[in-house]
């Protein structure tokens, strides 16, 4: 196995940066590794139009470390009230790269999301015409559906319909967690891609539940059984261009995670590429990490690949037990544990 990896600088095609004082943490950590990142719009209130996206983009840019060229790629939050004109205006701005479908109530700050897929069919048509990709949080929210089955049900009830009705629409099935999702993406057209997180590659529901509940493994979509984890590893390391890096790094203050009703989300941005390297090394596939992290996503979005490089070295280091997060603190994934790869710090 190699002791050093030189990779074309990767991008993160799904990240939560939050807002306000949190940006000093999240933007710094993301910019350490990534050239660009697709920024999720689920703020309070959400980012619903080009004006709000532009203002949020400026706040992110202001939080970048000195001399950083990190580029936030903005997205819109789809609601039942989104209009085709919102889509056309956003596309024309040049800095909005996608729109996000959150089924109402599916995850953090999704209460303003779409209540019925049919409500946004005119919007999806406008997106297809404008060439604006659709990002999908693929879970149904019916109370009678088991939380471990929500992704499969979303495919059957919603995603199949979307793709059949809008075959020219680019769709990213985000943070996939099941063998069903892998198979769906593999057998769909080239307009359908998927992001995979490091934590879904490295962990399954046993890590979260066996021997005590570990709240910092709790995320949505929730960790699944090991057979699904294995399917994700197969997909990520296969070389299939439909699968690419998206951390879904989602920070919450420590008190909000370690609570009787804790928030969903794992914070991985501080060591994202190191965690992916561990996952790929499990499959003896480090030679395929660069394509997954640095090629496939940019190619899917039709954006030029980065031209600079990063270097990873095989060197153990200990993840911080706690990190500052605005006025609070957060506990990152793998807090206090050893990581096997380390990113050499270089300015972009």
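Cβ atoms here come from the backbone N, Cα and C positions, even for glycine.
Since this is a predicted model, take the numbers as computed values, not measurements.
Listed in Swiss-Prot for this protein:
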ACT_SITE  248  active site
BINDING   14, 16, 100, 248  Zn(2+) 1 binding site
BINDING   16, 17, 18, 42, 137, 220, 252, 264  substrate binding site
BINDING   100, 137, 175  Zn(2+) 2 binding site
MOD_RES   100  N6-carboxylysine
For residue 18 (substrate binding site), nearby residues of its own chain (Cβ under 8 Å, 6 or more apart in sequence): 26, 43, 251
Count of other CB atoms lying within 10 Å of the CB belonging to residue 137 (substrate binding site): 25
Under a three-state reading of DSSP, tell me whether residue 100 (Zn(2+) 1 binding site) is helix, strand or coil. strand
Beyond the listed site residues 14, 16, 100, 248, identify every same-chain residue whose Cβ lies within 8 Å of the center of their Cβ atoms for the Zn(2+) 1 site. 15, 38, 40, 42, 135, 174, 175, 246, 250
Max CA to CA distance in Å over the substrate-binding set 16, 17, 18, 42, 137, 220, 252, 264? 19
When you rank 14, 17, 100, 252 by Cα distance to residue 175 (Zn(2+) 2 binding site), which of the binding-site residues ends up on top as the closest? 14
Given the binding-site residues 17, 220, 264, which one is most crowded in terms of C-beta atoms within 10 angstroms? 17
Return only the integer: C-alpha distance in Å from residue 220 (substrate binding site) to residue 14 (Zn(2+) 1 binding site). 13
Which whole-number value in Å describes the distance between the Cα atoms of residue 17 (substrate binding site) and residue 248 (active site)? 10
For residue 14 (Zn(2+) 1 binding site), which of the recorded positions 42, 137, 248, 252, 264 has the nearest Cα in space? 248
Distance [Cα-Cα, Å, rounded] between residue 16 (Zn(2+) 1 binding site) and residue 248 (active site): 6
Count of other CB atoms lying within 10 Å of the CB belonging to residue 252 (substrate binding site): 26
Tell me the coarse DSSP state (helix, strand, coil) of residue 18 (substrate binding site). coil
